[in-house]
Amino acid sequence: MADKDKKVKKKKAKEDAPAEEAPAAAAPAGDRQSSRGSRKAKRTGSNVFSMFSQKQVAEFKEAFQLMDHDKDGIIGKNDLRATFDSLGRLASEKELDEMVGEASGPINFTQLLTLFANRMSGGSDEDDVVINAFKTFDEEGKIDSERLRHALMTWGDKFSADEVDEAYDQMDIDDKGYIDTTKLIAMLTASAEEEEGGEAA
């Protein structure tokens, strides 16, 4: 009977040992790999945040929240369409597809920052940033002054009505309420250059 007990114990130990050893050996390797991958992903995300000031990140966050119409934490094609609609501009399916296609995956907040960082590191200078910002409002070389006023008083560093009025006093606005885009950009970029020149002196 003792021999039988020994055989059963030996058999049981033999069956249990490989089953316990295999997962134990496989688990740490899998854990190490996934934790390394997640740490790398976290580092990549945090590198994007370090490219911007806290104020800029807060402004991007505000813009992201305004664009995320369905509040699911991801900007999709419908969110982009609704954003353009709220600006009074119709975006074609092709434009929307191209915008969504620029991202390497779903556009969450970190992905949005990454897209901006890629654009900014792509050699865009301040003038290009200004020009691209006004393309959203540009209607064949003109900007509707009321739409621009609304945007200036609603998004980002919100301007007061007095501040917008003061800026509009310096702009050339036609009888129909349109601002010449080229003149506006020239005025803004010249003002920025004057400020930089004044700081250097």
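Counting begins at 1 with the first residue displayed.
Each residue, glycine too, has its Cβ placed from N, Cα and C.
Taken from Swiss-Prot, the feature region 'Disordered' applies to 1-48.
For 20-29, the entry in Swiss-Prot reads compositional bias 'Low complexity'.
Annotation source Swiss-Prot lists phosphoserine at SER46, citing similarity to another entry.
If one looks beyond the domain 'EF-hand 1' (55-90) by at least 6 residues along the same chain, the residues whose Cβ comes under 8 Å of a Cβ in the stretch are 49, 96-97, 99-100, 106-109, 112-113, 116, 136-137, 144, 147, 151, 155-157. The feature domain 'EF-hand 1' is assigned by Swiss-Prot to 55-90, with sequence analysis given as support.
Less than 8 angstroms from the CB of ASP68 (Ca(2+) binding site) sit ILE74, ILE75, ASP79, each of them six or more residues away in the same chain. For the recorded site, ASP68 (Ca(2+) binding site), the DSSP three-state label reads coil. Per Swiss-Prot, the feature Ca(2+) binding site maps to ASP68, ASP70, ASP72, ASP79; the stated evidence is sequence analysis.
Looking only at the domain 'EF-hand 2' (125-158), the predicted model's pLDDT averages out at 75. Annotation comment: Swiss-Prot describes 125-158 as domain 'EF-hand 2'.
Look at Swiss-Prot and you will find 159-194 tagged as domain 'EF-hand 3'.
Other Cβ atoms within 10 Å of the Cβ of ASP70 (Ca(2+) binding site) number 11 in total over all chains.
For the Ca(2+) site, the Cβ centre of ASP68, ASP70, ASP72, ASP79 serves as reference, and the other residues of the chain with Cβ at most 8 Å from it are MET67, HIS69, LYS71, GLY73, ILE74, ILE75, GLY76, ASN78. Looking at ASP72, ASP79, the binding-site residues in this record, the fewest other C-beta atoms within 10 angstroms of the C-beta turn up around ASP72.
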